[in-house]
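Colleague: Can you keep this structure in mind? I'll have questions shortly.
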Amino acid sequence: MENNQTNTGNPSVDIVYRRKRNAEEMRHQVITFALMIFFTIVAFVAVGSGMSGWFTVPFILLLAAIQVVFQLYYFMHMSHKGHEAPALFLYSGLLVGLITILTFLTIVWW
Amino acid sequence: MSTNAQKKGFGATVWDYLTTVDHKKIAILYMIAGGFFFLVGGLEAMFIRIQLAVPNNDFVSAGLYNEILTMHGTTMIFLAAMPLLFGFMNAVMPLQIGARDVAFPFVNALGFWLFFFGGIFLNLSWFLGGAPDAGWTSYASLSLASEGHGIDFYLLGLQISGAGTLMGGINFLVTIINMRAPGMTYMRMPLFTWTTFVASALILFAFPALTVGIFLLMFDRLFGSNFFVTAAGGNTVIWEHLFWIFGHPEVYILILPAFGIFSEIIPVFSRKRLFGYSSMVFATVLIGFLGFMVWAHHMFTVGLGPIANAIFAVATMAIAVPTGIKIFNWLFTMWGGSIKFTTPMHYAVAFIPSFLLGGVTGVMLATAAADYQYHDTYFVVAHFHYVIVGGVVFAVLAGTQFYWPKMFGTMLNEVLGKITFWLFFIGFHLTFFIQHFLGLWGMPRRVFTFLEGQGFETANLVSTIGAFFMAASVIILLINVIITSVKNEKVGNDPWGDGRTLEWSIPSPPPFYNFKQLPLVRGLDPLWIEKMEGKKGMTPAEPLGDIHMPNNSFIPFVISFGLFVAAFGAMYRLDYAWGLPVLILGMAITFGSMFFRSVKDDHGFHIHKEELTDDNDKGVKA
C-alpha cells in the first residue's frame, strides 16, 4: 500500500525523494541489525571457544563499542540534522568519563 | 486569569509562592532562601573569627568549632552561593534569550523545593544532636569515624539539595538550546546566558560524581558497607577523588556565572560593547572543559606520585590562560568607554584586581612541589576566599544592585549601595589579605585556636576586625533593601538608562508572560542596536496571539517534603522503631505525588489575545 500523505501543508514536499530516502534508511537499519546479531553471536563464540581472556575481553569491549555507535547513528538517528547539541554533550560526557576512568586505572588502583 | 495586578492577602501571596512555576517568582524564592543561608553562613564565619581573634580563646569549644567550620563551608557553597546564582539565572536568563519561561517550569519549582528542604534538613542538625564536623570535604576516614548523626545530616541533606541543583542545571540547558527568540543565535547570546549554559553543563557532568560519592559514604555509615573502610579492603582515597571530580568543577559552576554578571555590568556602564565577545565565549567553554581535568591538584599531598602531580599541575596552570583572556577583555571593554561609576560598576572594577590576586595564588598553589609547603595552611584559606568572595560574592552583591529593578521594579539606594561596597571591599581585604602571611608563617587551617607567642596574634586580630566590616556592610545592605521596599518607587523598563540586552526592553518587573510578542533579535546586544537606530523597543517577531502558560502546582513542594521526611527515617532507622515506617511513609508521599502528577492531565491555560490588548498598548503588527 502506498502512502502518499504528508503531515505538512507544504505542497512542494518531494514524496518520491522522501520515499527513496526512507527506503535507503530502512536498508541501513536492516544491515546494521543483522551485523549486530552477528557480533553478538561472535561474542558468544569467542567466550565459548576457550580463547585467552587477554583476547576475549578487549575483543568483546570493541564489539560493544561498535554496537553502541550503530545504535546511536542508525537507530537513534544521530546522523540526522538537529542532533548537534546531544552529540556535543554525549561526546563531552564521554571525554570526562573516560579521563576519570583512565585516572582511576593509572593512579588509584595501579 | 487576568493580567491586571490585584491586591492579594498575605495568605494568598504565600500560597502563590508555594505553588508557583513562574521562573521570576522561583528566582525570588532562590534569592530569599539563598540570602537566609548566606546570613546563617555569615554568622558562622563571625563565630570563627571571634574565636580566633585572640590566642587561647574559649569562645567556642574545639568540637563546636569543627561543627561551625564545617557548616560555614557547606552552607556558603551549597546553600548560599549556588542558590543565589541560580536566583539570578532564573530571573535573568529566560529574559535575555527572549523566552516566556524555562523549558520545564514544573521541574524548576521542584528543583527549588528540593534544594530548600535539603538545606533545612542540613541545618536542623544544629538542634538534633550536633552538626557535621568533618569539613565541607567530609574526607571518608574522618567522616566515618565521626560520632552522632552530624555526617548523616550532611549526606542526606546534600543528596536532596544536589538532586534539585542537577534538575535546575538540566532545565537551563534545555531552555538555552531550545527556547531562544527568533534571531538569537548562539553567538548573539549575552555572556551571562553563555556562562549559565556552561555552568549548567558542568552541573550535569559534575553532580553525578558527588551523588555517587555521597551514596557510597551513606551506605558505609548507615547500611554497613565498606567502600571507604581500609581495614575491610576499601579505599579511602576514592572518596577524595569522587569528591574533587565534583568539587573542582563546582568552583567553576560558582565563578562562571559571576564572570557572566560582570560581563553584563561592565559594557552597560562603559557604554561600549563587550570587547572580544567571541574570545570571551571561547574562554568560558575552555574553562569549563579544563575544569574537569585538574581535580587532583586538591590532592597533591596524598601521594599520587610525581608524574600524576606534574600532569595535574600543568593542567591547572593552563586555566590561567582563558582566565587571563577574560581579565584583559574586561579591561579593554572599559578602555576608552564613557564609564559611569554606579554601585554595580564599583563591584566590577574592584572585582578585577581582587580576583586576580586569588588567581595568582592559585597558580602558586598549583605548583605541586611548593604546595607541600602551603598545604593545610591559612595560605589556602586566603586563596579560596579571594576567588570565592572576591569573585562570586562580589558578583552576587553587584548583581543584586544591578538586577534589583528588573526583579522588583524598584531601585536600591545608590548611596547606601556604595557604603555597602566600600565597607565590604575594605573588610574583605582586611580579613583575607593578612591570611596569606599567616599561612606562610605556618598557621594551620581548621584548628580551633593558637597559642600566645607564635607571632599570630596581631594578624588574627586584624583579620577579625575585617570580618566585622563585612558584617556591617551586609547589615547596611539589608537596611537598603527594607527602605527600598517600603518606599516602593516604581521604575521603567530600563532604569540604568544604558541596558543593552533583551531584559531591559520589557517592564520592571516583567509581566508573568514576559514578552507579549517574542522579539526579533538582529545582533549582539539587541536592545542597544534598536536604540542606536532610534527605536524605542524591540521589533516583534510574531503577531499578537494567545499565549500558552503552565498552571501553578503544589506537587513540587509535596515531592520534596516526602524526601525530607524519608531522610529522617533513613537516619534514625537503627536508633528508633519509628525510623523504618517514617522512611517508607516519606517515600510513599514522594512517589504518590509523582504518580498523581503523572496520571493527572494538566494542559495549562491560555492568555487570550483580547486580554493582552486590555491596556492602551495594542501591540505592534509583525
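Cβ coordinates come from backbone N, Cα and C, glycine included.
Residues or ranges marked as domain 'Cytochrome oxidase subunit I profile' by TrEMBL: B:9-522. The transmembrane segment annotation in TrEMBL covers B:27-48, B:68-92, B:104-128, B:153-179, B:191-219, B:307-332, B:344-366, B:378-398, B:419-441, B:461-483, B:554-572, B:578-596 (among others).
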Colleague: What residues in the same chain, six or more past the boundaries of the transmembrane segment (B:191-219), come closer than 8 Å to it by Cβ-Cβ distance?
Modeller: 85, 88-89, 92-93, 96-97, 138, 140, 143-144, 151-152, 155-156, 158-159, 162-163, 165-166, 168-170, 172-173, 176, 225, 227-228, 238-239, 242-243, 245-247, 249-250, 252-253, 256-257, 259-261, 263-264, 274, 277, 280-281, 284-285, 287-288, 291-292
Colleague: Sort out for me which stretch, of B:307-332, B:378-398, B:419-441, B:461-483, B:554-572, has the most Cβ pairs below 8 angstroms to the transmembrane segment (B:68-92).
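Modeller: Out of the listed stretches, B:378-398 contacts the transmembrane segment (B:68-92) most.
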Colleague: Cβ under 8 Å to the transmembrane segment (B:419-441), counting only same-chain residues 6 or more beyond its ends: which ones?
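Modeller: Residues 49, 343, 346-347, 350, 354, 357, 361, 374, 377-383, 385-386, 389-390, 397, 455-456, 459-460, 462-474, 476-477, 480.
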Colleague: For the transmembrane segment (B:307-332), what are the same-chain contacts with Cβ under 8 Å, counting residues 6+ beyond its ends?
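Modeller: Cβ under 8 Å, 6 or more out: 259, 262-263, 266, 274-276, 279-280, 282-284, 286-287, 290-291, 293-297, 300, 348, 352, 355-356, 359, 362-363, 366-368.
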